[in-house]
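Step one of this worksheet: look at the structure below.
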Amino acid sequence: MWATGAIVCSPVFRILSTCCPIRRGVPTSNGYHPRPKHVDIGNGAVPILSSKPITVQPTNSDYYEPVNNGTLPLSSSGALIKQYGNIHFRVEYDFEQSKLSVTIVSASDLPAMDRNGMSDPYVKVYVLPERKQKFETRIIRNTLNPTYNETFQFSIPFNELHSKTLMLVVYDYDRLSKDDKMGQLSVPLESIDFGITTDIERPLQKPEKDDEKECRLGDICFSTRYRPATGTVTLTIMEARNLKKMDVGGSSDPYVKIYLHHGRKLLSKKKTSRKYKTLNPYYNESFQFKIEPHMIEKVHLIVSVWDYDKMSKNDFIGEVTLGSKHLNLPQITHACSEQWAEMMTSRRPVVQWHTLQERMEKEKKKDDD
């Protein structure tokens with residue numbers, strides 16, 4: 001049985017100020033664009049698009065654009081600093097297991113995305129055109145020269161490698177809004193000699209803007225709070241934005257379902273109310289899950305968004321999985337594991353936006369409403 005009702009969120013002001021920021025800035029046909037702060041570096045004013053703390057919700061055009069006055073400066077090693085930075089990675093292929101290994105070694109000379117002149121970079125790694133397997137490095141805070149040394153494996157038959165392209169996209173992590181792309185690199189695998197381990201360092205290119213090609217599903221904002229004394233986790237679904245259009249009229253009737261899992265075992269499930277004809281629903285509905293202290297690091301929560309259909313089965317839009325990084329579940333992003341970790345150390349609600357993801361192929365199933 002679905003649990004019904006919603007518990008009023010508290011404290012309300014703190015959460016609303018995060019998920020529902022006051023829009024201040026320049027009005028445009030698409031809404032409001034923030035007024036970026038400027039830093040004078042002697043050759044002109046460079047806009048610094050900061051989102052910590054956030055006062056507006058960023059648009060797709062709000063990317064950091066480094067200024068090049070025609071003379072690229074030198075790094076400490078004497079190498080030219082590229083305007084989007086550089087990335088160092090390693091590629092090798094295991095012919096016996098048909099596995100492609102990609103090691104993200106480091107990045108350097110990345111653009112500064114935060115007010116303090118630093119960034120919180122991480123790298124997404126995937127292979128085109130399928131995008132079935134996506135990996136992320138850990139987030140390294142307050143640096144423009146992160147070192148990762150993290151390896152990811154893709155199952156690809158050797159005779160298919162020539163038709164694949166390796167994509168590396170560097171992001172700046174932001175807890176209170178959508179993460180910003182800093183730079184990207186596409187590597188056609190047909191150009192790689194897989195007879196040896198290939199060590200590559202290349203400049204990053206200008207990142208592509210989010211568009212229909214990226215099949216964005218939308219974003220969701222929720223808060224989490226853990227009370228060890230009572231063994232309860234309170235999850236408050238605040239709102240969602242820019243959801244995928246599921247209905248003929250170009251809208252959706254979204255609602256949110258929350259599943260509590262221990263491994264593959266379903267322990268509890270709850271859902272929000274439905275919101276009709278909107279791609280930006282507001283909920284502010286809270287749910288409590290009873291979790292014993294010895295189980296808190298063994299369970300995970302799946303927050304999924306669905307489109308309600310009266311005449312047919314409901315359609316899945318997207319989901320995020322929240323849990324400890326020690327579970328080693330590939331669907332738990334670094335943003336989700338960081339929110340979980342902060343929830344475990346803070347006694348206040350932890351609020352964060354997340355980008356909705358596709359379900360992994362083996363986990364796809366129909367709605368059971």
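Quick reminder: no glycine exception, Cβ is built from N, Cα and C everywhere.
Pulled from Swiss-Prot:
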- D114, D172, D174, D180: Ca(2+) 2 binding site (BINDING)
- D114, D120, D172, D174: Ca(2+) 1 binding site (BINDING)
- D174, S177, K178, D180: Ca(2+) 3 binding site (BINDING)
- D247, D253, D307, D309: Ca(2+) 4 binding site (BINDING)
- D247, D307, D309, D315: Ca(2+) 5 binding site (BINDING)
- D309, S312, K313, D315: Ca(2+) 6 binding site (BINDING)
- 83-204: domain 'C2 1' (DOMAIN)
- 216-354: domain 'C2 2' (DOMAIN)
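Mapped onto this structure are the features recorded in Swiss-Prot.
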residue: D120; record: Ca(2+) 1 binding site; DSSP (3 states): coil
residue: D172; record: Ca(2+) 2 binding site; DSSP (3 states): strand
residue: K178; record: Ca(2+) 3 binding site; DSSP (3 states): coil
residue: D247; record: Ca(2+) 4 binding site; DSSP (3 states): coil
residue: D253; record: Ca(2+) 4 binding site; DSSP (3 states): coil
residue: S312; record: Ca(2+) 6 binding site; DSSP (3 states): coil
For K178 (Ca(2+) 3 binding site), which of the listed binding-site residues (D172, D307, D309, S312) have their CA atom within 10 A of its CA?
D172
Using Cα coordinates, what distance in whole Å links D307 (Ca(2+) 4 binding site) and S177 (Ca(2+) 3 binding site)?
24
Under 8 Å between C-beta atoms and at least six apart in sequence, can you list the same-chain neighbours of D309 (Ca(2+) 4 binding site), or say none if there are none?
D253, D315
If you count, for each of the binding-site residues K178, K313, the other Cβ atoms lying within 10 Å of its Cβ, which residue has the minimum?
K313
Look up D114 (Ca(2+) 2 binding site) in the DSSP assignment and reduce it to helix, strand or coil.
coil
Express the distance between the Cα positions of D180 (Ca(2+) 2 binding site) and D120 (Ca(2+) 1 binding site) as a whole number of Å.
10
Across the domain 'C2 1' (83-204), what are the DSSP residue counts per state (helix, strand, coil)?
9 helix, 62 strand, 51 coil
Report the DSSP secondary-structure composition of the domain 'C2 2' (216-354) as helix, strand and coil residue counts.
18 helix, 67 strand, 54 coil
Fill in the CA-CA distance, S312 (Ca(2+) 6 binding site) to D247 (Ca(2+) 4 binding site), as an integer in Å.
12
Can you grab the distance from D247 (Ca(2+) 4 binding site) over to K313 (Ca(2+) 6 binding site)? Cα atoms, rounded to a whole Å.
13
Using a 10 angstroms cut-off on Cβ to Cβ distances, just flag whichever of D114, D174, D180, D247, D315 is the loneliest among these binding-site residues.
D247
How many whole Å apart are the CA atoms of D114 (Ca(2+) 2 binding site) and K313 (Ca(2+) 6 binding site)?
44
Cα distance, D120 (Ca(2+) 1 binding site) to D174 (Ca(2+) 2 binding site), nearest Å?
8
Going by C-alpha distance, which of the binding-site residues D172, S177, K313 is nearest to D120 (Ca(2+) 1 binding site)?
D172
Please report the Cα separation of D172 (Ca(2+) 2 binding site) and K313 (Ca(2+) 6 binding site) in Å, rounded to an integer.
38
